[in-house]
Amino acid sequence: MSAHAPDSRQSDSSQSDPLQRERTHLSSSRAALRTMRHEVEALDLKNVTANWVNARVLGAQMEARIKELADLTHTPLFFGRLDYLPTPERTAEDGSRFYIGRRHVHDAVGDPMVVDWRAPVSQPFYRATRIDPQEVELRRRFGYTGGELTAYEDERLTDPVEEARTSRLLQAEIERPRVGPMRDIVATIQPEQDEIVRSGLSGTVCVQGGPGTGKTAVGLHRVAYLLYAHRERLARTGTLVIGPNRSFLHYIEQVLPALGELEVRQATVDDLVARVEVRGEDPADAAVIKGDARMAEVLRRAVRSHVTIPAEPVMVVRGSRRWRIPAYELEEIVRELLGRDMRYGAAREALPQRIAHAVLVRMEESGEVCDDRVQDAVARNPAVKAAVKSVWPPVDPAKLVLRLLSDAEFLAAHAEGVLDEAEQRTVLWPKPVRSVRAAKWSSADAVLIDEAADLVERTHSLGHVVLDEAQDLSPMQYRAVGRRCTTGSATVLGDLAQGTTPWATGSWEEALSHLGKPDAVVEELTAGFRVPREVIAYASRLLPHMSPGLAEVRSVRESPGSLEIRQIPGGPDELTSAVIAACEESLLHEGSIGLIAADTRIPALSEALSAAGLPWLDPGTETTADSRLTLVPASLAKGLEYDYVVLDDPSTVVAGEPDERTGLRRLYVALTRAVSGLTVVHQGELPGQLG
Ligand SMILES: Nc1ncnc2c1ncn2[C@@H]1O[C@H](COP(=O)(O)OP(=O)(O)OP(=O)(O)O)[C@@H](O)[C@H]1O
């Protein structure tokens with residue numbers, strides 16, 4: 001590999017300088033993009049549309065297209081180049097060179113000047129290796145400084161003499177100081193990541209990967225890729241990205257728009273199941289049972305218990321005639337519907353038609369001529385309606401769950417053989433609640449209501465769902481996500497070692513079966529991009545104590561001096577002062593700073609930061625050049641990252657959790673948020689497992 005970064009004075013002087021030639025290609029591509037935009041802007045809709053509805057639809061499409069074609073000066077128009085080996089059909093002048101960028105740009109005659117990174121011709125940019133060069137002669141990566149093309153790095157994949165090295169541009173890109181939200185990684189997606197990004201839409205992929213292996217980045221780029229490769233289908237069916245909390249969603253929300261994809265919904269699991277207002281919290285033991293997949297069976301039985309086997313006949317009067325359907329025949333109809341794999345609500349809608357059909361058979365037997373309208377009229381007959389109401393009454397999902405959690409007998413009737421008595425007592429509310437509005441619903445209750453709602457009426461399924469930080473979901477939450485992609489596929493991302501909920505999943509096989517995708521492929525990412533080697537090695541000391549068997553992340557970056565551990569004598573005030581001092585030192589560097597601490601330490605630290613005159617942000621707020629310090633409760637640190645991290649007293653972080661394993665996992669998350677430097681400030685002993 002060879003790298004070039006001539007200084008700009010030299011390169012400007014000569015057109016034969018390769019860097020200058022690349023800059024010329026950049027400016028002509030920009031000009032071509034401008035022309036493409038002007039062409040769309042100049043289209044006159046009056047001549048092409050017959051009516052105003054079409055004109056509005058087309059107008060909106062054009063506006064979106066104009067936005068798509070905007071030249072974003074801060075994002076490079078291309079970041080790579082591929083020169084394919086010449087073949088008889090492919091000569092150097094004729095189509096063997098491709099510039100890879102975020103969007104397609106063509107010249108006046110339609111020849112590509114930049115190809116979309118997602119196009120098949122771009123794939124070897126990410127995948128070609130010395131062992132498998134995929135017909136690529138040269139791979140060139142470009143480096144930019146403030147929108148200016150300032151460097152390039154070449155790999156001659158078929159040159160036997162050239163050695164493979166880690167790309168310096170990759171290292172520089174990772175270490176580029178962070179301000180603002182998460183960035184895309186299109187320029188530097190690695191081969192094993194690309195395989196996941198480009199895997200087909202039909203299958204579900206599950207990615208296990210340690211901290212900073214790029215799971216979130218891969219998931220988001222996969223959505224962008226799928227939208228490119230299957231745009232029409234996904235425009236119809238929809239895509240959704242699910243993240244653990246608002247702060248996290250806020251952190252990642254700009255990646256897809258930066259890749260030109262504006263239509264992807266982002267939500268938490270709580271958002272998906274928000275059918276009631278959540279105002280309460282469950283004790284851990286109750287939440288674990290409520291999140292257990294056995295609750296699905298309890299709910300299924302409870303919903304179906306509303307059906308009563310008819311004991312009375314139905315008498316339909318039409319004109320001067322009366323038609324009687326005896327109870328035993330009604331029973332047959334009801335049993336047949338119960339035996340089918342149908343939603344409660346769909347069966348309830350089918351029932352009047354079935355009864356009407358039975359009436360019609362009798363009418364036809366006695367010589368009457370009937371058609372569909374007669375059947376519909378019979379189905380709406382008051383006697384039929386009354387029968388349906390008593391046999392198959394409507395079920396309100398929230399009221400049903402309210403009753404299960406309030407009424408010990410009702411719960412016992414449906415939980416028999418599923419939950420033992422102690423478990424039933426644990427989920428019951430201490431006092432019965434009268435109304436849905438008065439109830440202090442918890443997150444787990446909302447998931448139960450969602451499950452009940454799905455038993456009544458099928459949940460709409462999307463084309464593709466990305467589920468990030470998946471290890472923290474309960475089985476019932478997996479089911480809630482799974483029913484949103486029953487006819488589509490999913491990308492499941494997570495790290496078993498970072499599971500910090502009492503119901504965190506023990507294995508991906510189990511999680512995927514609750515999700516309804518037992519055949520999903522589980523891939524593993526092992527190369528770490530975020531965390532420097534020294535820091536990840538330190539954090540990984542915890543692995544055998546909290547997630548034995550999981551492989552340590554192999555960092556692609558060596559940054560000596562990136563880890564510092566300071567023990568502070570004295571009491572809490574001295575600790576706080578030392579933490580503030582560490583923040584002040586970190587602020588001398590460029591980029592973002594995260595001060596991570598046990599949730600209980602947040603009030604004291606926020607007060608101390610204010611007293612020291614250091615402005616700080618909440619994790620949900622974007623960092624800016626003026627405000628770069630975020631105070632992060634350990635419970636919200638997951639998925640986030642900062643150039644420099646100051647970690648307040650690890651033992652307090654561990655002690656803040658209900659059990660030691662969860663405490664160590666929380667600490668592992670906190671220790672793995674730093675890109676360039678981690679300072680651990682502690683008092684007393686560090687947790688022994690770090691020793
Ligand atoms: N191929 C890559 N090129 C450049 N940067 C990368 C690459 N892959 C990942 N990164 C960077 O590494 C960091 C970590 O990525 P990401 O947040 O996606 O990891 P993660 O596996 O989701 O981590 P966690 O488990 O901690 O949530 C991000 O800054 C991301 O941009």
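These residue numbers are counts, starting from 1, taken along the chain as shown.
Keep in mind that glycine also has a Cβ here, set from the backbone N, Cα and C atoms.
The feature ATP binding site is assigned by TrEMBL to G209, G210, P211, G212, T213, G214, K215, T216. Annotation source TrEMBL lists compositional bias 'Basic and acidic residues' at 1-10. Residues annotated as domain 'UvrD-like helicase ATP-binding' in TrEMBL: 188-532. Residues annotated as region 'Disordered' in TrEMBL: 1-31.
Around the Cβ of G212 (ATP binding site), the same chain contributes G528, F529, R530, V531, I536, V553, S555, E641, T672, each under 8 angstroms and 6 or more positions distant in sequence.
What surrounds the ATP site, by Cβ distance within 8 Å of the Cβ centroid and not counting G209, G210, P211, G212, T213, G214, K215, T216, is the set D495, L525, G528, F529, R530, V553 from the same chain. Counting only residues at least six positions away in the same chain, the Cβ atoms of L525, T526, A527, G528, F529, V553 sit under 8 Å from the Cβ of T213 (ATP binding site). Taking each Cβ in turn and tallying the other Cβ atoms within 10 Å, the top scorer among the binding-site residues G209, G210, P211, G214 is G210. Model confidence over the domain 'UvrD-like helicase ATP-binding' (188-532) is summarised by a mean pLDDT of 95. All protein chains considered, the CB of K215 (ATP binding site) has 25 other CB atoms within 10 Å. With a 10 A radius on its CB, T216 (ATP binding site) counts 24 other CB atoms from all the protein chains.
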